[in-house]
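Novice: The following feature annotations were taken from TrEMBL:
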| type | residues | note |
| --- | --- | --- |
| ACT_SITE | B:SER167 | active site, nucleophile |
| ACT_SITE | B:ASP333 | active site |
| ACT_SITE | B:HIS366 | active site |
| BINDING | B:ARG237, B:ASP367 | substrate binding site |
| DOMAIN | B:62-371 | domain 'AB hydrolase-1' |
| REGION | B:1-20 | region 'Disordered' |
There are 2 protein chains.
Amino acid sequence: MDEVTSSLPEAPDSVREADAPRDSALAHFGNDQPLKLDAGVSLSPFQIAYRTYGALNAERSNAVLICHALTGDQHVVGTHPVTKKSGWWETLVGPGKPVDTDRYFVICSNVVGGCMGTSGPASINPATGKPWGLEFPVITIRDMVRAQAMLLDHLGIDTLFAVVGGSMGGMQVLQWAESYPERVFAALPIACATRHSAQNIAFHEVGRQAIMADPEWRGGRYHLEGTNPRRGLAVARMGAHITYLSDAALHRKFGRKFQDRENPTFSFDADFQVESYLRHQGISFVERFDANSYLYLTRAMDYFDLAADHNGVLANAFRGAPTRFCVISFTSDWLFPTSESRAIVHALNASSARVSFAEIVSDKGHDAFLLDEPEMFGIVRGFLDGASKARGLKSTKAV
Amino acid sequence: MDEVTSSLPEAPDSVREADAPRDSALAHFGNDQPLKLDAGVSLSPFQIAYRTYGALNAERSNAVLICHALTGDQHVVGTHPVTKKSGWWETLVGPGKPVDTDRYFVICSNVVGGCMGTSGPASINPATGKPWGLEFPVITIRDMVRAQAMLLDHLGIDTLFAVVGGSMGGMQVLQWAESYPERVFAALPIACATRHSAQNIAFHEVGRQAIMADPEWRGGRYHLEGTNPRRGLAVARMGAHITYLSDAALHRKFGRKFQDRENPTFSFDADFQVESYLRHQGISFVERFDANSYLYLTRAMDYFDLAADHNGVLANAFRGAPTRFCVISFTSDWLFPTSESRAIVHALNASSARVSFAEIVSDKGHDAFLLDEPEMFGIVRGFLDGASKARGLKSTKAV
C-alpha cells in the first residue's frame, strides 16, 4: 500500500512538499486557479493535503474518493502523524478490504477549512502573512467538493469510479452526485442526510459557543496571540461525542460503573467511567484539532441543504443523474436517523436514479460507520463489486 | 391563592424572613436539627425556602408536596421574583387546576443545594462566614427528601396526601415512596427514572465541564473573588436544553429557518432561529441560577440509583409500600424514555404496589410535563380525585 503520488502527472503548480503533514502529498493552486466559494468570494492561492492508496489503472478509471467526516482527515489508512494511531477507516479500506486498495486507487483529501494541511483558518493568509483566523471565508459542503474536483483535475482523473463517505463525508458524497454527476459512477453516502436538522444545528451551536466562550479563543485570533482555547474545544468535543454514540452503546460500555471503586466519592472528580471516558475524548481531541476549523466545519454542515438549492424539491437535485447509489444507515443512529436516509432514497427513486438502500441493525449509534460492522462491509464490497463489473474495471496496474 | 404560612404552627427555630426570597417563607433548622447527608456528614444549621398555596384542612390531610426539577424552584404558581415570569407549573397547579389549590394545600420547597433561598453552595458557611463554594457537601436526591421531611415536621404535617414531580422532581417522588412510605398516600412520578443512565450522566458531565472550564469559575470560589462563570453556565444550559426537547419539536418550532432573512450570512452569528433561541436560553438562565448549584444538583441526579440501595433489586425499594402510584411518561422524551417508566411500573407490580401507568403521546420531548398536555392534566386530576375519595378528604378549611 505505497503512496503512488510520484507516478501521477506533474502538478501544474509547484507542490510545496515541505508544508505537507508527514505522509501527505500537497497540491498547490495558485492565483490562476482560485476556489470560488458559495460565500461569493474566492480563495486563492490555496492548497490541498491528501493521501492516496493503491495504484491508478491505465484507464484512470479505478479511482475511489473517500470523503472524511467532521473530525477526520486524509489519514484513512496508516499511522496518523499526530496521534500515532492507525487510520480512521482501516476497517473498510485497505488491501483485500471492502474498499480494496489492491483493486482501487483510493484518494482522500483534507477538506477546505480543515487543519491537516489543506487551507483553513489556521493557515497563513497570503494577504497579511498571518493566520487567517475568522478572516478565512465561511465554506460550505459544496465548496469542499469544488476543491476536491480541482484536486482530481490536478491528478488527471476525469471520473471517479466511486465516492464514499460517512456523516459529513456522506454529505460530500451527495454533493458530488449533485454538482458533478457525470464525474461519479457510483456513490456511497453512509449515515448522513441531505440537510442538517434543527437538533443537529443546535448541538453544533453549543459546541461553537463552548469554543467562543473560552477567553483563550480571543475572537479567533489565538494563533496570533499565543493562546489556545483548549478547554472550550474539549467541551465541544465531549458534547458532540455523546451524539455519536447510542444510549445503548453507552450503557453497554459504561452503564453506571464507577472508576476503580464501588462507591461514589461525593465529589466532582470523574466518578463514573463514562465521565472519565468523555474527559479523555475531549483532552485527546485538542491535541490534533484546530478550534477555528471546528467552527468552520460545523458551520458547513449546518448550511448543508441540498433540496433548498432546488426550490425545496430534493428529487430535482439528482434528476437525470447517471450515478448509481447505495445508501446506508444504522438503526441506533439518532444524529442521522434512518428517516433521513429514507428521504434520500425516496428522492432518488423520484428522480429515477439507480439506488439500493440498507438499514443496518446496530446498537453502536452514529459512529457505527467507523466500527466493526460486518454487514456494512459486505454491502460495500458487494455494491463496489457490482459497480466495477458495470464499469468494466479490469486492470489494477498503475499508469 | 394566598400564602397561609401564618396559619401554621410556630416554627421551632427562628424564621429569618429577611433572608428569604420575596414571596417565599423560610424554615431555619438550628444546630439541634442537623440534616444528615448520604456523604456521611451533617449540614447544620441550614434553611429551607418554600411556598405554599391553598389551605391546610382541619385533619391536616390534604397536603400535596410538589418537587421541582433541576432548574426549578419553589415558585410553582405566581410571579417569579427574579424572572417576573409566571410560575413554572401553572399549567397543572392552581385553583380549579388538576392539582387544585381550592382543595389541596400545596407546598413546594427549594431543594437543598439549590439557589433560591434554601441552603446551597452559594449560602454562607457558618463556620467561615464566607460562601460555601465547593466546601458545601455533595448532596443526593435522598438528602433533598430528608430535608423536605424535616420541613413537613416543621409544618406539623405527618402525612402527605400526594407528592408530585417531574424529572428530578419525579426522582424525589420515588425517593419519598422509598424513604417514607408511611408518609405518602399517593405518588405521581412523571417523566423520570429510578436511576440516571450513562447518557444522562454524560450530558451532565459536559455541562459541569463547561462551567469548570470557565476561568471565572475559580475552582468554585467565584462568589468570593467577585467573578461569575456566566459563559460556562450558559453553555451548560444550552446543551442541556436540547435534551429537554424532541427532534420533532425543534423541527416544528424552528426547522432550518434563518433569522429575519432568507439566506445564510456566511458568518458565526446566530444565523438560524434555533441558534438564537438557544443563546437566549443560555443567557437568561444565568440571571437566575448559581453555577455551583448546577454542579451540585446535576451530581445528585447522577448519583440517583434506587435499585443500587437494594442490592440491585428495584422491587425491594417499594416492598410493602402502602402508597398508590401513578407513573406518567411521554413518547418523545428521550432523556427519560418510557422504558424507564416501565421499569418503575414493573418493579411496583413485582412489589405488589398499587400502580397505574400512562404513556402520553406527545412530540414535545421531556419538557412536555411542563407544557399544555391535556391528557396529562386529565390523568393527574383523575388520579388525585380517586385518591382523595380513598383518603376520605372532605374539608378544605384551614387549621
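Each residue's number is its place along the chain shown, starting with 1.
Cβ coordinates are placed from backbone N, Cα and C, and glycine is handled just like the others.
Where the annotation comes from TrEMBL, it is an automatic prediction and has not been curated.
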Novice: For B:SER167 (active site, nucleophile), just give me the three-state DSSP call.
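Specialist: Looking at the DSSP assignment, B:SER167 (active site, nucleophile) belongs to neither helix nor strand, so coil.
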Novice: Going by DSSP, is B:ASP333 (active site) sitting in a helix, a strand, or coil?
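Specialist: For B:ASP333 (active site) - judged by DSSP and reduced to three states - the answer is coil.
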Novice: Compute the C-alpha separation of B:HIS366 (active site) from B:SER167 (active site, nucleophile), stating it in Å without decimals.
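Specialist: On Cα coordinates alone, these residues lie 8 Å apart.
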Novice: Quick one: of B:ASP333, B:ASP367, which of the recorded positions has the smallest count of other CB atoms within 10 A?
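Specialist: Each of the recorded positions B:ASP333, B:ASP367 was scored by Cβ atoms within 10 Å; lowest is B:ASP367.
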Novice: Rounded to a whole angstrom, what is the C-alpha distance between the residue listed as 'active site, nucleophile' and B:ASP333 (active site)?
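Specialist: Each residue's Cα considered, the residue listed as 'active site, nucleophile' and B:ASP333 (active site) end up 11 Å apart.
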Novice: Measuring Cα to Cα, tell me the gap between B:ARG237 (substrate binding site) and B:ASP333 (active site) in whole angstrom.
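Specialist: Cα-Cα distance, B:ARG237 (substrate binding site) to B:ASP333 (active site): 18 Å.
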Novice: Counting across all protein chains present, how many other Cβ atoms fall within 10 Å of the Cβ of B:ARG237 (substrate binding site)?
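Specialist: Its Cβ has 23 other Cβ atoms within 10 Å.
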Novice: Based on Cβ atoms within 10 Å, give me the single least packed residue among the active-site residues B:SER167, B:HIS366.
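Specialist: If we count Cβ atoms within 10 Å for the active-site residues B:SER167, B:HIS366, the smallest count is at B:HIS366.
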Novice: Quick one: mean pLDDT on the domain 'AB hydrolase-1' (B:62-371)?
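Specialist: It averages 96.
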Novice: Where B:ASP333 (active site) and B:ASP367 (substrate binding site) are concerned, what is their Cα separation in Å, rounded?
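Specialist: Just about 8 Å between their Cα atoms.
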